[in-house]
Amino acid sequence: QIETLAREVLDDLSTMGPARLFHYARMLLHGQVVFGMIGCLTMVYGTIHPGQVACALFGIVAVDLKHAPMMRSYAWLVTFLLLLDVIWHHFWAERLLRNYTGVRESQEMWWGLMVANTNKFCGFGMELVCGFLRLASVPIWFMLWNGNYLAGSAPGDAQEVMASVSNVPVREGYEMVNTKGPGEY
């Protein structure tokens with residue numbers, strides 16, 4: 001049953017073009033940033049959220065720049081983050097749901113309740129949402145990888161246009177300091 005469902009999902013994804021796949025990937029990345037930022041409000045056990053927000057921002061930059069090595073790196077990174085999600089939930093989910101926050105509620109009742117509720121919503125809840133978003137993005141990145149769409153910029157992009165303009169001298173690095181241009185002698 002699960003195998004046929006997975007095959008149907010991959011068949012549906014394979015009928016989409018790269019533009020739509022990149023659109024969905026970007027949408028899921030933005031969702032990870034938004035929910036991860038809410039997760040950063042966690043008072044304890046929430047150090048995973050800033051790192052995951054940074055990784056999602058890395059993915060957004062990679063997709064927007066259409067930088068092939070960065071996109072391939074993010075495709076590997078998202079699978080690692082899923083493993084990290086499982087490990088985080090194994091170690092910290094029970095502690096958050098049972099209010100083991102390190103704050104003694106008998107001494108500071110109001111603060112203890114606030115910490116517990118904030119951690120349940122921001123810590124556990126947002127980690128769960130971001131984990132599902134990453135899980136949903138894995139088939140998309142898989143299709144992008146196997147469709148060879150992570151190879152770089154698409155035809156007609158600025159990089160290709162600039163490469164076709166070969167008569168414009170381009171100075172880089174140390175040459176810019178020492179070389180004079182036409183008419184500067």
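Any Cβ shown, glycine's included, is placed from N, Cα and C.
Caution: TrEMBL annotation is automatic and unverified by curators.
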According to TrEMBL, which listed range is transmembrane segment: 74-91, 110-127?
74-91
Same-chain residues at least 6 beyond the ends of the transmembrane segment (74-91) whose Cβ lies under 8 Å from its Cβ atoms:
48, 52, 55, 58-59, 62-63, 127-128, 130-131, 134-135, 137-138, 141-142, 144-145, 150
